[in-house]
Amino acid sequence: MNITDIRTKSPLVLTYANFVTPQFVANVVNVVGASPLMSRELAEFKELAGIANAVIINTGTLQKVEINDIIKLSQEAYQLGKPVVLDPVAVSVPFRSKAITQFLASGHVDVIRGNAAEIAWFADIDFASQGIDATGKGDVIEIAQRAAKKTGAVIALSGACDVVSDGQYTQTLDINVEQLSSIVGTGDALSSLIGAFIADGLKVPNVMNAMATFKLAGQKAATKTNQPGSFTNQLLDELFVIDNIDVQNFVKESVLNHG
């Protein structure tokens, strides 16, 4: 989908949300024209997965008792043919590493969205990180490609240089918007936004369109303010009015294809 399709069809994006950023995530999904829905209740997963167009699983505040829940949700989505996006927040922390390993063994995932440090974990590449922010340096293209090949998922690596790869075909967007890293929840929001863009089909360009839309909106917002509070509001405003022609021009000018 592109932004025009989303506003016309209003896909329902179901997010298994953490309890830190759900309102911001819902606002981002809503302002682009999609319909956000949050749930952490196992009893309704089958019904909600049935009506959703995409399912996002965010492990930012995952607890041990919830591991089987996210596996079940991903299985329900898979059986119904709904794309699943995994946001493995701080996956290199031992408890989270174990939980995600268990999830990958028994659950289902179509897209993994994370920062460079998080994606490097899936690629078995050492990468310095601190909390939710990646601070190490490495070849992000290689990291994304290796992670895609190891997991079988499309990888969406976000940061100063965004990379989307299925292991064979890779796209990059090398434009840094520093203000996006000043707000807690931009990664969470991007993961759910990707869900809206892949609601009618999982393709690398669809995932990149989501990332380009988010980064272009951030770039526009940054020209108007660099204060985190006002930037948050301006980002939502830019996403609300962003035009598909602007996004496609941005993609043509800034996105590079690799293989």
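One is the number of the first residue shown, and numbering goes on along the chain from there.
Even glycines carry a Cβ here, placed using N, Cα and C.
For Met38, Gly185, the entry in Swiss-Prot reads substrate binding site. Annotation comment: Swiss-Prot describes Arg113, Ser158 as ATP binding site, evidence class sequence analysis.
Recorded features from Swiss-Prot, shown on the structure.
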| residue | record | DSSP (3 states) |
| --- | --- | --- |
| Met38 | substrate binding site | strand |
| Arg113 | ATP binding site | strand |
| Ser158 | ATP binding site | coil |
| Gly185 | substrate binding site | coil |
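Non-local contacts of Met38 (substrate binding site) by the CB criterion (under 8 A, 6+ apart in sequence, same chain) comprise Leu14, Thr15, Tyr16, Ala17, Pro22, Val25, Ala26. Here the CA atom of Gly185 (substrate binding site) lies 13 Å from the CA atom of Ser158 (ATP binding site). For Arg113 (ATP binding site), the same-chain residues 6+ apart in sequence whose C-beta sits under 8 angstroms from its C-beta are Val85, Leu86, Asp87, Ala156, Leu157, Ser158, Gly187, Leu190, Ser191, Ile194.
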